[in-house]
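Below is one structure, written out as structure tokens; the observations come after it.
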Amino acid sequence: MAEHKSVVEDPPAPLSMAGPYGGKVSGKPPKRNTYAIACTILASMTSILIGYDGGVMSGVGDYIQKDLHMSDVELEIINGMVNSMSLLGASMAGRTSDYVGRRYTIVIAGAIFSAGAFLMAFATNFAFLLFGRIVAGIGTGYAFMIAPVYTAEVAPASARGFLTSFPEVFINSGVLLAYISNYGFSKLPSHLGWRFMLGLGAIPSVVLAVGVLAMPESPRWLVMQGRLGEARKVLYRTSDSNQEAKERLADIKEAAGIPPERNDDVVQVVKKRSSGSGVWRELLHPTPAVRHILISAVGIQFFQQASGIDTIVLYSPRIFDKAGLKSKDKKLLATVAVGFSKTVCILISTFYLDRIGRRPILLASVGGMVLSLVALASVLEVVNQHPDGQMTWALVMCIAIVLCFVGSFSMGLGPIAWVYSSEIFPLRLRAQGAAIGVVVNRFTSDINSMTFITLYKAITMSSAFYLFASVAAASWVFFYLLLPETRGRTLEDMEVLFGSYHRWRSVAKKLENKRSEAPNANVPCSNNNISTAGPPEKGQETA
């Protein structure tokens with residue numbers, strides 16, 4: 001391939017006075033990079049479809065059961081099929097994004113999901129509706145994988161938590177939109193209302209198709225293709241300063257196997273690095289650091305869904321019915337309150353991820369979820385003991401507790417699972433690693449969605465939520481022991497923190513000591529300066 005000398009010159013002035021990795025050069029806090037935010041918003045819009053699909057099914061369930069004469073088991077299958085097929089979509093998305101790029105993979109996700117939405121809206125029987133859910137599920141898998149990966153690769157380190165949480169913000173916005181749609185279209189004849197509810201999900205894809213034309217490609221993907229000139233331009237626009245852009249480019253080149261002295265606009269890249277081949281072998285036979293990253297990513301994605309969030313999103317009308325709320329209209333209004341709580345809380349969390357850090361917010365979030373689940377199960381147990389009594393206080397408490405649960409989830413575990421799993425994988429493993437996390441997330445959600453009705457009928461609804469509470473408590477212990485704080489770290493520096501498992505604090509302290517000893521404290525330590533081969537040797541670990 002012919003090589004061309006770079007003609008891109010440094011912009012005349014820094015974009016901000018923020019230090020390249022979250023530190024401050026002056027006493028003022030770093031300004032938000034509006035271009036990076038705009039790119040993230042466009043990429044994250046596909047997540048509206050994901051949230052809309054999950055939320056809308058909570059309202060259409062009764063209508064499609066009546067109109068299409070479906071059983072509870074068939075409803076469970078319909079609810080869970082999107083998650084089952086998203087496993088296929090996520091596994092395809094990793095390789096697709098390596099071949100065609102992150103940007104066009106987002107377009108593919110929207111197109112597939114829109115086709116599924118139209119099919120569901122025109123379904124005439126269970127099999128037709130199931131086919132539409134299969135198509136939509138594949139699009140969901142694509143969207144779940146690619147939106148967090150793209151935003152993590154575009155975002156500067158100082159705002160990565162803020163920007164990478166945007167997909168979760170749009171998922172919650174989609175859930176709220178679905179709940180409002182359910183309530184609004186419920187006024188139509190029942191055989192038409194549910195079709196409008198499902199078909200409305202196709203509209204955002206039109207905006208997505210137009211908006212994606214204004215988005216740049218991920219700079220990391222461009223470097224993997226040897227297109228350094230284009231990557232350099234994107235990094236200058238999405239970084240907090242010119243110096244950070246240079247350092248990010250150097251780190252990405254090193255991870256992609258490009259010698260640092262190669263600065264041409266177009267360079268040759270080893271094919272196996274650019275195409276993603278050989279990645280699965282490394283994931284199946286990982287180094288200690290990559291193994292720790294895998295355990296962390298799989299664990300946080302598993303616990304996000306195993307704690308029962310999708311059962312409440314999908315089946316909240318049944319929960320309120322169990323607590324004594326019988327009116328369909330009022331049940332849909334109560335679900336709107338659930339969606340509003342989720343959306344407000346995720347917006348609050350978004351602005352504090354890069355200020356407080358991932359771990360404190362995550363642990364507080366899961367603690368709130370555990371308490372909420374125990375309280376919800378206890379109230380439902382009291383209701384279960386008095387099946388003939390009208391207990392207004394129990395209904396009010398049940399609604400309040402559900403709002404607290406979804407609020408706690410959205411303030412921490414909801415967005416942080418995606419932020420964390422998209423930022424900890426090294427470049428060469430990021431797309432496939434994120435896809436593994438999505439597969440685990442969707443599989444766990446699928447199990448919950450397809451078994452909840454059967455589960456609570458077998459062991460009572462209160463016992464089901466006691467079970468979810470115990471899982472959430474186990475997740476708190478897992479997060480506390482194994483998940484390092486990643487706030488302000490560069491993506492190429494993540495392997496330094498992993499490999500020592502519960503002793504990661506000593507490695508983090510060494511990293512900080514190295515950084516403080518460096519001439520410029522904002523420049524990250526090279527991966528060669530701190531060993532990532534495994535846990536510290538005996539006697540070397542800092543107390």
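Each residue's number is its place along the chain shown, starting with 1.
Glycine too: its Cβ is placed from the backbone N, Cα and C atoms.
What TrEMBL says about this one:
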- 34-52: transmembrane segment (TRANSMEM)
- 39-487: domain 'Major facilitator superfamily (MFS) profile' (DOMAIN)
- 106-124: transmembrane segment (TRANSMEM)
- 130-150: transmembrane segment (TRANSMEM)
- 162-180: transmembrane segment (TRANSMEM)
- 192-215: transmembrane segment (TRANSMEM)
- 332-353: transmembrane segment (TRANSMEM)
- 359-380: transmembrane segment (TRANSMEM)
- 392-420: transmembrane segment (TRANSMEM)
- 464-483: transmembrane segment (TRANSMEM)
- 518-543: region 'Disordered' (REGION)
- 523-532: compositional bias 'Polar residues' (COMPBIAS)
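By the Cβ criterion (under 8 Å, sequence separation of 6 or more), the transmembrane segment (192-215) is in contact with the transmembrane segment (106-124), since 3+ such pairs are found. Among residues of the same chain six or more beyond the transmembrane segment (464-483), those with a C-beta under 8 A of the stretch's C-beta atoms are 292, 295-296, 299-300, 303, 306-308, 311, 358-359, 362-363, 366-367, 369-370, 373-374, 376-377, 380, 413, 420, 452, 455-456, 501-502, 504. Computed over the domain 'Major facilitator superfamily (MFS) profile' (39-487), the whole-number mean pLDDT of the model equals 84. Looking at which of 34-52, 106-124, 130-150, 359-380 has the most CB pairs under 8 Å to the transmembrane segment (162-180), the answer is the stretch 34-52. The list of residues near the transmembrane segment (130-150) in space but at least 6 beyond its ends in sequence, with Cβ under 8 angstroms from a Cβ of it, reads 43-44, 46-47, 49-50, 53, 77-78, 81-94, 96-97, 102-103, 105-106, 108-121, 123, 164, 166-167, 198, 201, 218, 418-419, 421-422, 430-431, 434-435, 438, 441-442.
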